[in-house]
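Input: a single structure, listed below in structure tokens.
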């Protein structure tokens with residue numbers, strides 16, 4: 001039997017981030033989230049950066065959200081990040097000791113998943129013993145790992161199959177082009193080789209976020225309200241697409257971009273009819289909508305706010321150290337206007353913004369958009385890879 005090559009590629013940089021994400025109890029947001037020692041194996045806690053309020057900088061040999069996982073490619077979580085050519089590996093990884101099911105010798109794999117170029121059992125529920133439909137040996141191709149950084153004396157692996165090194169082999173490729181040489185990071189972001197399946201990550205300066213530091217650190221709802229915590233029913237149809245009040249003959253919301261929080265609105269999808277309102281009534285539902293934690297690093301936080309104008313019942317709150325330290329309300333108009341909080345006294349502390357509706361009458365709704373300023377906020381959704 002002959003199999004096809006697996007190529008292990010190495011470049012400069014640190015170990016790639018684990019593909020899977022680990023679950024853990026949510027860290028406290030009102031104190032330094034690093035005080036709970038969330039990182040294992042001597043990982044370094046760094047406050048901010050993610051929607052958990054911290055990240056773990058893992059030592060050599062470990063990876064994962066909490067540095068729990070030794071840096072390895074064991075295929076237990078698939079082949080995400082590996083680059084494929086040809087058709088030899090299209091059914092990989094393989095579940096279980098598939099050769100034994102057709103009365104061949106054991107593969108002696110580690111764990112449940114492995115690369116078997118001749119095998120076709122890419123799901124646990126697939127019949128055992130099946131081989132590549134094009135034949136065990138005819139398909140050709142390559143499978144190349146994400147880049148990693150060599151930090152010691154040894155690299156080990158399991159290998160079997162064909163034995164003609166000129167045709168079938170695993171290769172270690174060193175001194176590939178530094179992925180940072182193309183300057184992929186914007187806005188003076190610092191490129192760091194390794195860490196992700198792309199072969200690099202961008203360390204963004206204050207005020208910017210995103211994979212390439214292209215996005216100003218803000219909560220503008222263009223990517224939804226992921227990470228925001230909701231109570232009650234007031235915000236269940238948020239965010240809102242477009243200038244929905246205008247469609248029913250009201251004043252413009254003056255939103256930033258295409259999406260915003262309009263509590264009275266019901267247009268959570270772009271193709272929903274324009275002008276619709278919350279089915280329970282524009283002012284009747286109550287509730288709160290609370291942002292992920294962020295760190296204050298300068299003097300100002302700004303936002304757009306409209307809707308109700310009774311500060312005791314409808315408002316945006318800034319919460320620091322579990323205390324409400326700033327409040328703002330609308331102007332009894334659907335139009336949102338820019339507002340600003342001076343926060344110099346809270347520099348270095350962690351905060352959240354909470355939208356509050358405690359009334360069911362008379363301008364009992366809030367409009368909100370474009371929260372930004374001198375803050376370090378969680379990475380956008382793309383960073384979760």
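Glycine too: its Cβ is placed from the backbone N, Cα and C atoms.
Unlike curated records, TrEMBL annotations are generated automatically.
Packing against the compositional bias 'Basic and acidic residues' (118-129) from elsewhere in the chain are residues 1, 3, 91-96, 98-99, 101-102, 112, 136-137, 161: each is 6 or more residues past its ends and has a CB under 8 Å from a CB in it. Positions annotated as compositional bias 'Basic and acidic residues' by TrEMBL: 118-129.
In the three-state DSSP scheme, residue 39 (disulfide bond) falls into the coil class. Feature annotation from TrEMBL assigns disulfide bond to 39-56 (among others).
The annotation disulfide bond is assigned in TrEMBL to 58-67 (among others). Secondary structure from DSSP puts residue 67 (disulfide bond) in coil. Around residue 67 (disulfide bond), the same-chain residues at least 6 positions away in sequence with a Cβ under 8 Å from its Cβ are 39, 40, 41, 42, 43, 56, 58, 59.
Long-range C-beta contacts of residue 202 (disulfide bond), restricted to its own chain and to partners at least six residues apart, with a cutoff below 8 Å, comprise 184, 185, 186, 189, 190, 191, 192, 210, 211, 212, 213. According to TrEMBL, the feature disulfide bond maps to 185-202 (among others).
According to DSSP, residue 213 (disulfide bond) is assigned to coil rather than to any helix or strand. Taken from TrEMBL, the feature disulfide bond covers 204-213 (among others).
The domain 'EGF-like' annotation in TrEMBL covers 30-68 (among others).
What TrEMBL lists as domain 'EGF-like' is 176-214 (among others).
Residues annotated as region 'Disordered' in TrEMBL: 116-141.
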Residue counts (helix, strand, coil, in that order) that DSSP gives for the region 'Disordered' (116-141): 0 helix, 3 strand, 23 coil
Listed in sequence order, residues with CB under 8 A of residue 204 (disulfide bond) and six or more positions away: 185, 187, 189, 210, 213
Secondary structure of residue 202 (disulfide bond) (DSSP, helix/strand/coil): strand
